[in-house]
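Trainee: To start, I am sharing the structure in question, which I have written as structure tokens.
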Amino acid sequence: MSSSSTDSTTVNDTNTINVNTTSIFDTITYSSSWVEWLDDQIAALIEQQRSRNFEYHYQIAGRSRKNFWNSVANKVNERCRSNYSGKQCQTKFNGLVTGYHDQLLVIANDLRGARSRAGAIFFEVMNTQFWEKPDDQFVQASIGVNITQRRRNRRNARGSRNTQNTNTLNTEDRNVDNDE
């Protein structure tokens, strides 16, 4: 029994691969969102995140970082003549952070660690952990006392008032006991 079939593979500009296989028996269509990054593109992505970390943590209103990552993608694309989306940049950067943590486990001879090429190549720059939220005196001075510190100050002020009130009550209770 013979059957005729046609196969076609297309790659479009959005880094999506569509494969269509047509035969008498079936039709299969799938797409892959896997994107290949070159080392200079990864370096540009890291540099964008590192230079804009303060903006990422302190200057974006709300929780949406979509515009930030789209802006990062535009800068990376401009520098490297690539065509990445903001979501692809965010996903890649999150993967680099995961690769860094895996590399730490590998260095510690922990079997849970997985070796990766990017984790090894970019380990030194990632080892500065520049993506973490800055929490030093310079940042606090530039934006004022942070919210957590203000809450602690309020709690401490309330706590000292409550302690004074409790001491006053205890003294009054002792005086009442002495009168009886």
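Each residue's number is its place along the chain shown, starting with 1.
Including glycine, each Cβ sits where the backbone N, Cα and C put it.
Annotations in TrEMBL come from automatic prediction, not curation.
Got these off TrEMBL a minute ago, pasting:
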- 171-180: compositional bias 'Basic and acidic residues' (COMPBIAS)
- 36-101: domain 'Myb/SANT-like DNA-binding' (DOMAIN)
- 151-180: region 'Disordered' (REGION)
Trainee: Restricting to the domain 'Myb/SANT-like DNA-binding' (36-101), report the mean pLDDT as a whole number.
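Mentor: On average, pLDDT over the domain 'Myb/SANT-like DNA-binding' (36-101) sits at 93.
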Trainee: Could you give me the DSSP helix, strand and coil counts for the domain 'Myb/SANT-like DNA-binding' (36-101)?
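Mentor: Counts, helix then strand then coil: 51 helix, 0 strand, 15 coil.
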